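According to Swiss-Prot, the substrate binding site annotation covers ASN13, GLN45, ASN64, GLY74, ASN75, ASN155, ASN189, GLU207, ARG208, GLY217, SER218, on the basis of sequence analysis. The annotation active site, proton donor is assigned in Swiss-Prot to CYS73 on the grounds of sequence analysis. What Swiss-Prot records for CYS216 is active site, proton acceptor.
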Amino acid sequence: MKTPFSKMNGLGNKIIVADLRKAIHNITPQAIQALASNPQTHFDQIMAIHPPTQDADFRIEIWNADGSMAKACGNGTRCVIEWLANHNLGNNFRLETSTGIVEGKRQTDGLISVDMGRPYLNAKDMPVSREIIDTNHVDITAGPLQDACLVSVGNLHAIFFIESNIQNIPLEKYGPKLEHDPLFPERCNISIAQITSKKSLTLRTWERGAGLTQACGSAACASAVAAYRRGLTERHIDVNLPKGILSILYRDDEHIIMTGPTEHEFSGLFNPLTGTYKKDHL
């Protein structure tokens with residue numbers, strides 16, 4: 001009944017990697033609530049590793065702290081790759097997700113790189129409630145936030161570009177309102193971005209199902225695409241987050257490559273039915 005897990009983070013994005021390859025039961029809502037409410041195990045996302053069903057090495061399920069499922073989590077995917085590499089399962093991986101195959105690797109410098117695939121830029125490929133002709137400029141407003149750019153990288157993101165210091169914007173006030181806007185029947189990730197040069201921007205994110213987060217890898221990818229679409233940056237930029245930097249390359253073939261560090265906090269065993277756990281002794 002006990003399942004191996006590791007508490008990790010990607011630039012402060014709190015991740016639990018759970019090894020369910022041999023588990024009899026999947027994670028229950030009770031277990032998710034118990035882990036999310038415990039200060040030691042509180043997380044933004046659970047990355048559950050399962051045997052694959054397609055041409056992949058492993059299948060990944062992603063759970064938010066509120067019990068909802070996510071379709072993509074860039075930092076969580078990087079943590080999974082680090083976990084797999086640390087368990088001597090290789091350095092290059094193909095991971096099956098609900099939106100397709102994601103490829104990633106641990107580089108020789110120790111950083112983790114993930115190919116997030118191509119973004120969806122057409123409104124017909126996005127869960128929105130009304131017709132949108134130009135997703136590069138969408139009329140949605142909350143306080144000083146207006147003129148959003150919508151980008152989907154498996155999950156939907158609304159990016160608002162701000163000329164002033166984004167630290168002065170109360171995202172905890174506007175994020176929930178925009179996340180639940182009627183335009184987004186499946187809710188939305190909300191980010192504010194400040195361009196600092198042609199090669200960098202600063203980002204803060206209100207994450208769907210998790211709230212204000214220190215880092216969101218898919219938001220970093222979406223913001224880089226949005227900035228390039230508007231002619232604000234080059235294809236290869238640094239995205240500055242509260243806890244560090246993610247390197248984002250929006251290639252000519254439109255694949256998004258995200259590279260950055262991960263951190264292991266502790267490992268242990270947990271019960272996927274109840275969420276009770278025990279740390280490993282070092």
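Quick reminder: no glycine exception, Cβ is built from N, Cα and C everywhere.
What surrounds the substrate site, by Cβ distance within 8 Å of the Cβ centroid and not counting ASN13, GLN45, ASN64, GLY74, ASN75, ASN155, ASN189, GLU207, ARG208, GLY217, SER218, is the set ASP44, ALA70, ALA72, CYS73, GLY76, THR205, ALA210, THR213, CYS216, ALA219 from the same chain.
Around the Cβ of CYS216 (active site, proton acceptor), the same chain contributes ASN13, GLY74, ASN75, ASN189, SER191, THR205, GLU207, each under 8 angstroms and 6 or more positions distant in sequence. Here the Cα atom of ARG208 (substrate binding site) is found 11 Å from that of CYS73 (active site, proton donor). Under DSSP, ASN75 (substrate binding site) is assigned to a helix (H, G or I) in the three-state scheme. Taking only the Cα positions, the spacing between ASN64 (substrate binding site) and the residue listed as 'active site, proton donor' is 10 angstrom.
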